[in-house]
Every structure is written in structure tokens, then in C-alpha cells.
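Going by TrEMBL, these are the annotated features:
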type	residues	note
TRANSMEM	A:12-44	transmembrane segment
TRANSMEM	A:64-93	transmembrane segment
TRANSMEM	A:105-122	transmembrane segment
TRANSMEM	A:158-177	transmembrane segment
DOMAIN	A:393-464	domain 'Transglutaminase-like'
TRANSMEM	A:541-561	transmembrane segment
Amino acid sequence: MKASESRHSILWLLLAQLSAMLPLIAVLPVWIVAVWGASAWWYWRIISAGYQFPAAPIKALLAVAAVLGVYLSFASLLALEAMVAILILALILKLLELKTERDQWLVLMLSYFVIACGLLFSQQIIDVVLALLQITVLLLAQQAMNRDKTKAVIMLRSVGVMALQSLPLMLMLFVIFPRIGPLWTMPLPGGQGITGMSDSLEFGDIARLSQSGELAFRVRFEGEPPSTESLYWRGLVLDQFDGRRWTRNAWPARNKIPAPAVSAATVKYTVTLEPALHEWLYVLPMGTVDRRDVYYTTQHQWLSKRPINGRVEYEVSSQFVNGLPDGNGDERQNLQLAGGQNAQARALAAQWQENIADASDRVAAAMQFFESTPFEYTLTPSVLGPNNVDEFLFSTRQGYCEHFAGSFVFLMRAAGVPARIVLGYQGGEFNKRDNYLLVHQSDAHAWAEVWLKGQGWVRVDPTATVAPSRIRLGAEAVLKSQSGYLKDSFISLRRFEWATRLRLFVDNINYAWARWVLNFDSDTQASFLRGILGEINPQRMFIAIMLAGGIPLTLVAFFSLRLPSQKGEDLAAKYYLLSCKALARRGVQRQAGETPEQFLARVKVESPSWFDWLAMQTKLFSECSYYSQQSEAYLQNLQKLKRFRRPRKWLEQTSRRGLER
Amino acid sequence: MDIFAQLTAEISRVVLGKDEQVRQALCCLLARGHLLIEDVPGVGKTTLSQAFAKVTGLSYQRMQFTSDLLPSDILGVSIFDRNSNAFHFHAGPVFTQFLLVDEINRASPKTQSALLEAMAEKQVTVEGETRILPTPFFVMATQNPWFQSGTFPLPESQLDRFLMRISLGYPDEQSERRLLAGGDPRLVIDELRPLLNAEKIIALQAMVDKIEIRDSVLSYVQRLIAFTRQDSHYAFGLSTRAALALIQAAKAWAMLDGREYVLPDDIQLLLEPVATHRLKPAADSHDDGPDLIKRLLSQVPVVV
């Protein structure tokens, strides 16, 4: 390879490297770009200005410094981001020992791997589009390594053709390649960054969560969806109170019971959960989840046997009931109240306990209290001190749903009624374009459940009495005017109609992407294959693979076997003979034994009007067929020969030129 | 004016109106072939060859073949030298660069084959010792048509060793008039200047090898020889050596034309001199040589 050509391919290589790592800048420390810039500059000086490759000690020093830098930036080397950072630094520093073609290949292949790593962080459709663009740059670099200096457009064309040729294979592999479970799991990135529900609750938590516009999950209903008011997406139950924080008592929470039997009158739907770090599933009570790796607990929660790591999809059949049965609802756990704070509230509850005999009447009295007191439903309530329930109920009176639910449960327990907090989401946003429900973090909600003898756990939502529109219309309707609502999210553009429509459209694509591509796990694969094959056994798989893989390969073989004969076929001669045929139709017949030059000489005498055209065609043909074969000139001549194989075309062009003149 | 045009012009001072044949002879020399000129006596065969030898600047020998000529008369003979008490080889006339063989078909087949071996191998073996002939080695032979008396017609296998067979034909009226008016042309031969020499000719021959011939032309040549092998008008088809000769000649012709590549036109032009003496009409056919070539040219497609 000539120096200038190798430089051309080196430039492409550097570009490919940069494009592979650039989108990862979002999760990586910025100084990596500086390292790349310095390394690339150094390498460029090595190949263009005769600088030396660094000596081994310097390289070792750089490697140690890089690892140290990563450690300082992430405070750990075992986080996924840190590992990717080390990979990228290795890729960058490889430039300083890029001596052979094999090294260049290594850099290119590693760049592909870096692109794949980028998809660990996010797999939205936009990321995939970006990855495709990056791969295009890499493919171009790969082309540049393997051919003479060529225009990018030409390389792009051949890259495109090759990519299209490999598409069927890719699709086939996507469908039939076995989905192997992960050999190890990495703490998924974003655990810190993405807001989501945690398994404990303090006043203000949900209010904070509501300010995020992140998607929590999507739901597709079979048939008519229920009304928004009834959509209480029950997540987990908090029954342990330490005077300030609500947490869950680990033991009863995990007691398995058989899944509830749901009758025929059910709502069926599919939930697609966004990646999150928790083990509970959101279900409309009472429902059964159609999955093998989940179980049902005494608290009527659906828990996953393994932590949910990545996107999960599950099908649920739900039946709306008024009480969740539980024989032991009145055990001490559900009446437990820590410490001696919140004396005022305790006194109020003691009053109810004394005056009202029936538990359900005490609940009604509490609801009456919430209704009659002028509470303010707000995202930005005042910060509360140690007697938080008292302060909220009797002085600040500003709160979000967890304030109402929390203090309600406190009052109930103090009044001797077993009660607990339920965390989940309420409502959601319908995407009318594709008719599915989007539940965002801003729909997060906390409500209460009280245990009534004979009925079991009954849902009570004090927020509904304070701010009925929150339940009827959703959080958005109530909070739109409040300054804190969705303040850190770009969906604050919600106030514009077009923006909402655009957002829902994009979400449509993302949902389809998540449903059909990202969620194509071994279960989906098995059911898909079962749908095609009837049953999965080795013989049928073999036949399917032969059909799916054999047909494309046969086509490829057919075309590649055909190609030599096509090459053997002299295209120049073909077009020249077509030209002669065209002329024969106009009355000048070429004899088989006539050479092109002889024919041209005869035409000059017999029908001079065609002479100019035939002279051009003869010249092009001679250049293609008899002169030395210069690849590019040959192709150009051939193109021209083909274009003007009929004199009409040529006449049109010359007459046009004549007119222009 | 390029060197070939000068050459032709110089020779045509002696041989008038025969530019085509002069060019063919030159082509033959550059293609490292040998030339057979067949025609009736007295049309200028010998004059042409003499002029050609003079202009090319090669060492020149002329032999008149007769029926009693022996191989040793051509190749040379070892004679016992009494003074040195040993045999000394006396090289025959074949040890030259330009050999003119007059009336080759008058010699006996034995003598003919001795010469033809030398032509093919460019070396001779006399009394068990192999001797290399000088380079370039170019034989120009003349023969009278076979129907003339006292001839041993050359067998096909030996005709094959001549790259080309041409005939001169009678001169056209104007040229003949000028010839008649000009007196004895042999006097002019002495005035001709040599325009080439052995080194230049060897260099030119090397250049011929570099002339490009593309697949499309090669396949045309193949179609031509395949046609002679299949068509019933031919007693037998053209040999592979004939095809090689055709290609070599076409390359030389292209160079004479100032081209670096061979056109099918070159093949067509040279088909008659190169192929006629290698073809024979089938027994039941009434065609003669020119008809056979015409048939080839018209029936075999140039472009497919």
C-alpha cells in the first residue's frame, strides 16, 4: 500500500474510533476525549512526521495512569461505566503501538465492541439508529483499509449492498438463535440516575419522584380499558413504621400463597416494565401474572424470584374486588407504631377508638376529618420535623399523596384499625394512536389499605377526598400549574398539544421496538417458533434452519455461481451488438465478419448520418474490448456505451446541446 | 516519419508498388518468423529480398537451391586440416542473420528439411555438435508455384514453419512503366542505406512481445481456428501453432501501425498471409486458398 493510501485509511480508522466512543461521552469522564485527541495527534505525527513510537516503559506508565484516572473518576473499577471506560482507554492507547495491519484490524473490531457496549446503557430506538450510523462509519473504515483511495459515496454504496445482503442472515439469527441467560449479571447502570420507586417511604419521596418524566411501564389492554379512576397499579406494601420511615417487614412480605383464582369477568392486559431495580410487579388487584419466575405473597404482591434486571413483560388477568382476603390482618404487625411522637394525632385517634365501636365507622370518621380540614395538595410541601404526622395534620396541612396516606395509616393504627401503606402508580396516559397506556414516574402514588373483619384489606385513598381530580384526571391535570411538576424533564413540553402528540408518536415507535425486539426473549422466541413449527423438536428445528438459512444461502450460491459467467459475458460486446442491432433496424446491417472499424468505414460511405454516433460507440467499444483495461476508465466507457446503445438517446442529447448553443 | 515508414520508402525505391508486401516482410521479421514468397519467376522476389537485407543492415547470405544440393552445403562441413592435424568446421551459409533461399522447392526433401530444422530451432547440429545460429535469424525463401516443372512441393508440416507466405503478383501498370524506364533496379540496391541493425531489430522484437492482446481478440482467433476445424470445406483445421503465429504476427503488425494493442482488424489483415499455406480445401470442395480465407472472414463473427 502506498503511503498516501495508507494515510487515507488511517484517517478513516481514527474517524471510526472517534465515532464509536463519542456517544459514550455521556456516561464517561470528559477527559477521555482529551486522551483520544492526544493519542491521535501523536499517532499522526508518528506516521507523518517520523515521530517515534513510545518505549515500553512509557506505554506501561500511560496504561497505569489511565486505570488510575478511571478509578479516580468512578471511585471503583467494577462499575459498568468504569469497565467501559477502561476498554475505551485501551482502544485509544492502542494507537501508540499501531504498527501492523493486524493492529488496525484489532482497533476496528474493538470499536465494534465499544458500539455494542454503548447499547448496555440504553436501548431506545434512537440509540439503535445511532449505533447503525456508527457501524456505517466503521464499515467505511474497513473498506478504506481494503481498497485503493475511493470516494466515500462509492464505498458507501458497496457497504450498503453488503449490509443488505447480510440482512436476511441477521433476521434469521435474531429469530432462531438461542437466547442464553446471562452468565453473570452486572449492576445495571442508571440505578442511581433513573428515578423509580424504592422499597421505603418517607414524606416527600413520592413528591420528588413525581417530578421525573421517566416512563415506568406501558400497558396494553385486551379490549376496552377500565376507567382511569380504577387504575390503582398496586406495587408493594409497607407495613413497618419506625416513627419516620415506612418500610416493609421482610418476612410476611415473602410468604408465598397460591395465586388468586380470577373469575371470567376479568380485565386482561400486558405490562412492559422499563428497566428498574426492584423485585415487585405492578398489578391491578386482584390479578394473576402469567409467568413462571414470579410468586404471590400473603400481602397480595407479585414478586419476581430474581431481581428485575432489564425490561420485563408480563401478562395479567385482573378482577376488581373490594377487599383482598387475609385471615390474619389483625396481627400486631399491622397495628405497630413506633415511639411516642405525634401525640396530637394519637389523641385524636384515641378519641375515635373510644367513641366509635365499628372499625369501618372509624375509617369513615378519619375520611370525614380529611374532607373537612383544609388540606393543600402540593408537590412542594414544607419540610416536617420529628413529629411529622402532627405537624402535617394540624399545622402545615400541605402534602402530597404519601402525606395523606401515611398520616391516615398512622391515625388508623392509633385508632386500633389494622392499616398499611401501598405504593404503586395511579392512572396513566393513554396513547390513542396505538391505544396503550403509558405510566410515568409522575403517576407514582401512595394509598392506604385498612383491614376490616369479613372484608379483608380494603383500599382507602385519602388523596381522593382531598384532591379528587388527582384520581379522576391524573396527576398531570392537578399539578400542571405547580412550578415543581416535571421541572427536570423535557416532557414539561406537555403543555403544548403538538409536543404531546410528537412525544406519543415517538413513544409508539419505542414501544413497538421494546415489544418486538428488546423483549424477544427465550419465552417469546419459543412461543413464536411454536407458532410457526407447531412444536419444537430437533427435526423441526433442523428443517426450519434449513429453510430459513438454506434458501438465502442457495440464493447466494446461485448468484455467486452465476457471476463468473456474467463476467465472462463481454458486456462491452453486448452493448456494441445492441448498437449494431439498433442500426440494423434503421437499415444498416453489420456483417458478422466485419470488424467494428470496417463497419464504421462502410457506414461512413453508406449512411453518413449515423457516422458520428457509430464512431463514438466504436471508439468506446474498442477502448473497452481491445485497449488496456484501466478499471475506472473501463467502467466509465462501459456506462457511456450502455447509455447510448440506441442512437435515439444520442440524437436527443446532441439536439438538445445544439439548441442550447 | 517513423522508422518503419522510412524503411518502406527506402525499399520502394527498388521494388515499386509493393508497399503492402514490404510491410508484411517487415512484420515477419519483427515477429521472429520466416517468410515464404511464392510467385512466378521474374516479378521481383529476389530484388525485394536483396533490398530488404540491405536496408535492415543484417549480415546477408544467398543460396540458390537446386535438386542436387546436399544438407552439408547449407549447414557446413568439418574438413581435416593437415597442418593442425585436426578437423575444422567450415560454417555453411546458414550461419548468417539474413538468409535468402532462392527456389526452395527445387531442392530435395532431405535438404529442405535440414534448412527447416535450422529455421525452427535457430540452431544446427552438425556431426553431433550443436551450434547456435546468429540472432536475429531471418529466412526469406522464394519458391515457384508447384505447377511449375522440376519442383518438390514442401509438405504441410514444413510449410507450417514459415510464419507467412505471400506472393508479389505482377506490378501495376504505372509501376511497371517506371520500372521499365528506370533500367536495372539492381544497380540501385547498392545505393540503399541500412536503416536498422541487429541490435535495433532485437529490441524491436522484444517490443512486439509487449504489445497487448485482449481476451476479446484472443477469443476471435479461437473462433477462427475452431471454425476451420468444424467446417466441411477444410481438409483439416488450423493448428495451435498457426494461431500462435497469427497472434505474434498481429502484434508485430499493431506495432508497425503504432498501436500498443491488437485489433481484430490486424487478425483479419494477416489471416491470408499467415493461414493460406496452412489450409487445404477438402477433397470434395472446389475452393482454393483465397476462397477458404474469404469464407473464414465472412462467416466467423468478430464480436460476440
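Note: Cβ is positioned from N, Cα and C throughout, glycine not excepted.
Remember, TrEMBL labels are computer predictions, not curated facts.
Contact check: the transmembrane segment (A:158-177) against the transmembrane segment (A:541-561) gives at least three Cβ pairs closer than 8 Å, residues 6 or more apart, which meets the contact criterion. Note: the domain 'Transglutaminase-like' (A:393-464) comprises 24 helix, 32 strand, 16 coil (DSSP; helix = H, G, I, strand = E, B). For the transmembrane segment (A:105-122), the residues of the chain that approach it from at least six positions outside its boundaries are 13, 16-17, 20-21, 23-24, 26-27, 80, 84, 87-88, 90-91, 94-95, 98, 128, 130-131, 134-135, 138, 141-142, 145, 186, 189-190, judged by C-beta separation under 8 angstroms. Away from its own ends, the transmembrane segment (A:64-93) comes close to residues 17, 20-21, 24, 27-29, 31-32, 35-36, 39, 107, 110-111, 113-114, 117, 120-121, 186-189 of its chain (Cβ-Cβ under 8 Å, at least six residues beyond either end). Counting residues 6+ beyond its ends, the transmembrane segment (A:12-44) has Cβ neighbours under 8 Å at 51, 54, 66, 69-70, 73, 81, 84-85, 88-89, 91-93, 95-96, 98, 104, 107-108, 111-112, 114-115, 117-118, 121, 127, 130, 133-134, 137-138, 140-141, 144-145, 189 in the same chain. Taken together, the residues in the domain 'Transglutaminase-like' (A:393-464) have a mean pLDDT of 88 on the 0 to 100 scale.
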